[in-house]
Amino acid sequence: MTDIVWHQHEIDQAARGRQKNQNPVLLWFTGLSGSGKSTLAGALEHALFEAGFHTYLLDGDNVRHGLCKDLGFSLEDRDENLRRVGEVAKLMVDAGLVVLSAFISPTRAERERVRNLFPEGKFIEVHVSTPLSVCESRDPKGLYAKARKGEIANFTGISSPYENPDSAELTIDTSKGDLATQVQALVDYVSALQVIDGEKMVAGLGI
Ligand SMILES: Nc1ncnc2c1ncn2[C@@H]1O[C@H](COP(=O)(O)OS(=O)(=O)O)[C@@H](OP(=O)(O)O)[C@H]1O
Ligand SMILES: Nc1ncnc2c1ncn2[C@@H]1O[C@H](COP(=O)(O)OP(=O)(O)O)[C@@H](O)[C@H]1O
């Protein structure tokens, strides 16, 4: 590893962000299966895209069809899943995008390791704090029922741990309130971040 030297190129993240009139950030949605991560992140991406932001959404289910298709749900595999996703998200933010990621990301250590890839203010943790009882009652994929029957091992919340964040930037329980209000709160938060080196970015003015 000592023979690998970082090559600092001229164009940087701030320049790419200015070109897109936006402040690139990562919004990291964490929560139990069925808590509402994908729904919130998808609705937020739609709102931001319509307002002129350049976005990308990384979703656990989808990433596990390609980049992480070799990984399962042991704690070690989840660690590697989130290590890879964290590095991809870092590249996308460096490319000047507003990135949204929707992963259970069950442990504080995993989420802290991703946070530490970013400067202060560039990693926004969104805890989707919907209670297990609600997630299990929803069970849109029937996975909780299978987990309860022992047909799925290491299922988060049932036979694998989830550690609540100590200090997420935002906390949303999707069993309270309505989706539109929840998404607007997220849009307002992202819009308030649209400053680079003291200069207000144009993106989001339509919001
Ligand atoms: N054992 C087990 N535990 C938890 N989840 C499971 C499991 N097996 C499959 N699934 C489905 O995989 C989705 C979670 O993948 P993630 O990459 O987000 O998980 S993790 O961050 O690596 O913990 C998760 O998707 P969401 O329901 O959208 O969260 C599940 O549908
Ligand atoms: N804000 C919300 N209000 C009500 N129901 C929701 C909300 N967000 C998600 N849901 C419902 O909860 C279930 C799981 O949502 P999903 O976004 O797939 O969760 P996750 O990505 O965390 O697994 C779906 O049936 C969805 O319709």
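Cβ atoms are placed via backbone N, Cα and C, with glycine included.
Feature annotations, reproduced from TrEMBL:
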ACT_SITE  Ser105  active site, phosphoserine intermediate
BINDING   Gly31, Leu32, Ser33, Gly34, Ser35, Gly36, Lys37, Ser38  ATP binding site
DOMAIN    24-173  domain 'APS kinase'
Review point. Under a threshold of 6 Å between Cβ and any atom of ligand 1, which of the binding-site residues Gly31, Leu32, Ser35 are retained?
Key: none
**Study point:** Packing count at Leu32 (ATP binding site) (other Cβ atoms within 10 Å of its Cβ)
**Key:** 23
Study note, to complete from the structure: Ordered by sequence, the long-range same-chain Cβ contacts of Gly36 (ATP binding site) under 8 Å (at least 6 apart) are Val128, Thr130, Ile172, Thr174
Check your understanding: Residues with Cβ closer than 8 Å to the Cβ of Ser33 (ATP binding site), same chain and 6+ apart in sequence?
Key -> Ile104, Cys135, Lys141, Leu143, Tyr144, Phe155, Thr156, Gly157
Practice item. May I ask for the distance between Ser38 (ATP binding site) and Ser105 (active site, phosphoserine intermediate), taken between their Cα atoms and rounded to an integer number of Å? Key: 13
Exercise for review: Measure from the CA atom of the residue listed as 'active site, phosphoserine intermediate' to the CA atom of Leu32 (ATP binding site) and give the result in Å, rounded to a whole number.
Suggested key: 9
